[in-house]
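First comes the structure, then the notes that go with it.
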Amino acid sequence: MALSKSMHARNRYKDKPPDFAYLASKYPDFKQHIQINLNGRVSLNFKDPEAVRALTCTLLREDFGLSIDIPLERLIPTVPLRLNYIHWVEDLIGHQDSDKTTLRRGIDIGTGASCIYPLLGATLNGWYFLATEVDDMCFNYAKKNVEQNNLSDLIKVVKVPQKTLLMDALKEESEIVYDFCMCNPPFFANQLEAKGVNSRNSRRPPPSSVNTGGITEIMAEGGELEFVKRIIHDSLQLKKRLRWYSCMLGKKCSLAPLKEELRIQGVPKVTFTEFCQGRTMRWALAWSFYDDVTVPSPPSKRRKLEKPRKPITFVVLESVMKELSLKASSLGSETAEGIVVVTTWIEKILTDLKVQHKRIPCGREEVSLFLTAIENSWIHLRRKRRERVRQLREVPRAPEDVILALEERKSTPKELSSGQDVAHSPQESALCGLDVPGGEAAADGGHCLSQKLLCQEETPEATEDERDEERGGMEAMESCKGSSNGAQDGEASEKGDRLDGAAGRYLFKCLVNIKKEAGDAVVEMHWVEGQNRDLMNQLCTYVRNQILRLVAS
């Protein structure tokens, strides 16, 4: 997953990544490393050390006017990631809010062959750097890169003995107070860690770029954890010789123990951040012994990114809206048309269901409702209707001769006086659904007429809508706790819903938008929060079918 959107806000590559096609057209040295696929897309092989080096050198030349040489046998830095660190140091020392003419002094521990941090800091901000290096090859290349960019007056590269960090490097400059130190420590403790044998989760994809670092650049005794602890130990002795101490970390698991170490040592000011570039994530830790420094806030905890979910929608056709308007007029309501009448009926349905709702401000030609469902009242009604239909289906059908006899009786009605008692035959009583003495004998002689058929003749649209409603909410019904898998489950669900309501909790909250599109009304349900998104799906299906029933009735 690309993390470029999480780069530092001032990073020039955050919203405008390098244009490989443009760079290739301008720099022949870079052009020979690009690849063009059948769709014309330009890419770079980040597992090729020469290609990675060409990209770094080209970006420094194009965007910062810097010309450098880097040996393939040493670490090749990526420019966007290093730029993140520079911008964070700006935040630490308050560079953006201070007088830009004030000289800022920094230390780069282990500057590397590229000397990239001092070169960027001096070029962008005019900072003075003391850059230390233990490796002979890196030291020689770093001095050469500083000299060929005419920055020797701002960058001093010094060769130091192995395991030298801050104490020995500052012996000769005991009177100078530095504003900050930077460090990109060796990440690994041994070859196995460097190769990812015992340090990389098997579920993670392999690294997308090549590692060209030398032994002293990528490995140290105890790995980055012990390396940074040594810097902490030096800082406890130097204290206010530096306003800010900082280090970049390659492993997130190193962050917590280092923060704990600083807490144990009583360091008053501590902060951290994250550096993001492409698929690469790095962490940085900073601490200070000064009381007057401004501590940048650490990054807020980000929830795992979720794909934006589309709202649940249904369309109310223009013809249906006209019928709803006529229906409202026939019931004595004020005449309303368009999305207003749709909203009015939806609000009535929600009120009947005891779903809390209120209108909220929105744009023109649109109505918005904020819903809070306290209990699953719609599924209770659905369950009752399904149970009623099931009971009707279990009533046996009467024989055809009985039906014919009933029709003949209807065609030749008898005149009866108002005070005369009416005697029903067992068959006729069964057709009308009456309790008849000797009903068992009648049942033995034949079957009763299905009351479901009579129900269908009275309201033919109800059964069709019921089937449609069941189809629309079937998946939600199966996955929801409120679904009916029998009388016992239904009873438990109802009790649970009542408990939720009694305790002041809610099932879910959603936003309903009713807007006009091409003469029709589109109803959208947007999930906000709650127990189960399927519950919103059930409610949407119920509301839609209730609107269709209103038109059909």
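The backbone N, Cα and C atoms fix where each Cβ goes, and this holds for glycine too.
Keep in mind that what you see is a predicted model, and the values were worked out from it rather than measured.
Annotation source Swiss-Prot lists S-adenosyl-L-methionine binding site at Arg82, Gly110, Ser114, Glu133, Thr164, Asn184. Residues or ranges marked as compositional bias 'Acidic residues' in Swiss-Prot: 458-468. The phosphoserine annotation in Swiss-Prot covers Ser329, Ser425, Ser429. Marked as phosphothreonine by Swiss-Prot on the basis of a large-scale study or a structure entry: Thr463. If you look up Swiss-Prot, you'll see 17-20, 199-211, 250-254, 277-283 marked as region 'RNA-binding', on the strength of similarity to another entry. Positions annotated as region 'K-loop' by Swiss-Prot, on the basis of similarity to another entry: 163-167. Under the heading region 'VCR 1', Swiss-Prot lists 289-400, citing similarity to another entry as support. What Swiss-Prot lists as region 'Disordered' is 457-496. As annotated by Swiss-Prot, region 'VCR 2' applies to 506-553, with the evidence given as similarity to another entry.
Here the features listed in Swiss-Prot are placed on the structure.
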residue: Arg82; record: S-adenosyl-L-methionine binding site; CB count, 10 Å: 22
residue: Gly110; record: S-adenosyl-L-methionine binding site; CB count, 10 Å: 24
residue: Ser114; record: S-adenosyl-L-methionine binding site; CB count, 10 Å: 28
residue: Glu133; record: S-adenosyl-L-methionine binding site; CB count, 10 Å: 26
residue: Thr164; record: S-adenosyl-L-methionine binding site; CB count, 10 Å: 18
residue: Asn184; record: S-adenosyl-L-methionine binding site; CB count, 10 Å: 25
residue: Ser329; record: phosphoserine; CB count, 10 Å: 13
Of the residues in the region 'VCR 2' (506-553), how many are helix, strand and coil by DSSP?
20 helix, 21 strand, 7 coil
Is it true that the region 'RNA-binding' (250-254) and the region 'RNA-binding' (277-283) have 3 or more Cβ pairs under 8 Å, skipping pairs fewer than 6 apart in sequence?
yes
Can you tell me how spread out the S-adenosyl-L-methionine site is, meaning the largest CA to CA distance among Arg82, Gly110, Ser114, Glu133, Thr164, Asn184, in Å?
23
Please report the distance from the Cα of Gly110 (S-adenosyl-L-methionine binding site) to the Cα of Ser329 (phosphoserine), rounded to the nearest angstrom.
82
Please report the Cα separation of Glu133 (S-adenosyl-L-methionine binding site) and Ser329 (phosphoserine) in Å, rounded to an integer.
87
Helix, strand or coil for Ser329 (phosphoserine)? Use DSSP.
helix
Inter-residue Cα distance where the pair is Ser329 (phosphoserine) and Asn184 (S-adenosyl-L-methionine binding site), in Å:
76
Cα-Cα, whole number of Å: Ser114 (S-adenosyl-L-methionine binding site) versus Ser329 (phosphoserine)?
80
Where DSSP helix means H, G or I and strand means E or B, what are the helix, strand and coil counts for the region 'RNA-binding' (17-20)?
1 helix, 0 strand, 3 coil
By a three-class reduction of DSSP, Arg82 (S-adenosyl-L-methionine binding site) is assigned helix
Run through the region 'K-loop' (163-167) and tell me, per DSSP, how many residues are helix, strand and coil.
0 helix, 0 strand, 5 coil
